[in-house]
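Visitor: Okay, handing you the structure first.
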Amino acid sequence: MAVPAFCNSCLSEPRNPTPRFCLTNCGHVFCEVCLQKGKKDECLVCRKACRTLVLSKEISPDIQSLFMRVDVLCKKYSKEISQVSEFQEKYRKRFLTHHKQKDELIIAKLEESLKKVTQQMQQMKSMKPLEKTTPLLFASTSRNPFSIPSRKQNVFSSYSHHSSRPSTAETMEAMEIDPVPSPMRKV
């Protein structure tokens, strides 16, 4: 331990003939003599309930670091931080490479789909002018489905079953209208 520890009660420093030192969970250090003078499981400084840990070379590195010089700690943690940073950078690069490849595959599929849709749209556009110029089939006066009817021909006259009856157009032309109102009709 590089930083000298001292008892927070009697301010003595650890020496070989002196008793061991303990650390409380509230962060105070006491020699074994002062700790025995106080109440059991109670800190001599803050009077809070506490547990103690005997300070020795076998304690955990986290506890040991509390008593190391700051410059030694900086070197130690700087090396650890560099290792962590290198690991995270490699991990990040692998992660980005994976997603970049995945994105490139998705983009390629989307571009292929776009190309197909564009081709289909162009095919549909090239078919549209043909639809506009194609005549209506079966709309003629003769039984020939490929002939185009004229405007004056009655489209339904060829389908009439009774040729002795006049068509509606013929009946309309032969009718006369009486301009005098009928006595039966209310005006």
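Just so you know, glycine gets a Cβ as well, placed from its N, Cα and C.
So TrEMBL has the following annotated:
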type     : residues : note
DOMAIN   : 7-47     : domain 'RING-type'
COILED   : 100-127  : coiled coil
COMPBIAS : 157-167  : compositional bias 'Low complexity'
REGION   : 157-187  : region 'Disordered'
Visitor: Residues sitting near the coiled coil (100-127): Cβ under 8 Å, six or more positions beyond its termini, same chain?
Guide: none
Visitor: Please list the DSSP helix, strand and coil residue counts for the domain 'RING-type' (7-47).
Guide: 6 helix, 8 strand, 27 coil
Visitor: Limited to the domain 'RING-type' (7-47), I'd like the whole-number average of pLDDT.
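Guide: Reported value for the domain 'RING-type' (7-47) is a mean pLDDT of 79.
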